[in-house]
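For reference, TrEMBL has these:
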DOMAIN    93-191  domain 'PTS EIIB type-3'
MOD_RES   CYS100  phosphocysteine
Amino acid sequence: MRNIEIFKKWMIYQASDIPGMRIKEKNHTLYLSYKEKLALIKISTNNVIEESVHDRYGDGLFYLYYDFEHYSLAVSFFQAMLRVLIREENLFYHRILLCCSGGMTTSYFKLKMNKYLRLAHAPYYVEASALSDMGMIAHLYDAVFVAPQMTFAINRLKKEFPDKKIVPIDSEIFASYDCGKLYTLFTELLD
């Protein structure tokens, strides 16, 4: 147990050397806050360390779970986590909501779209929702793209959320899950 305590002190020392880093320790967990990201380092009594980094939306950017057996390996894991925490390019991205009647069709499109966006290193993140959930979550998104079968609701949504960009998705794009064309719509609307 003594070695893991030394390692914990070392992590605190390393993190405190970064300007703007805020550090808190509570219940065997280190909280490292940097700009709009939060890292949690949980140290269990059986020498297991769990490291995670989340952005301001709570989306996971990093997760690692390992046994503290080799000091040099633990150091490399911590340094990798720290690099993700302080990396600037991940601070901002547009949040897009795809909306359909029940959220099922858009959920599939969401999976394909997020994979496409990751490969393109594009600053967008897509979620899917049912029309009935819009009132609770629309405020979290920069734009709402509405499935063709729900275009009847666009005028109501624009009145209900006047500060949101509400856009219909073309039937051909939606039915073929054309990520490239939907990405073009994102960039035209938000960039």
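Cβ coordinates are placed from backbone N, Cα and C, and glycine is handled just like the others.
This prediction places the mean pLDDT of the domain 'PTS EIIB type-3' (93-191) at 92. Around the residue listed as 'phosphocysteine', taking its Cβ as the centre, 22 other Cβ atoms fall within 10 Å, counting all chains.
For the domain 'PTS EIIB type-3' (93-191), the DSSP-based tally of helix, strand and coil residues reads 58 helix, 22 strand, 19 coil.
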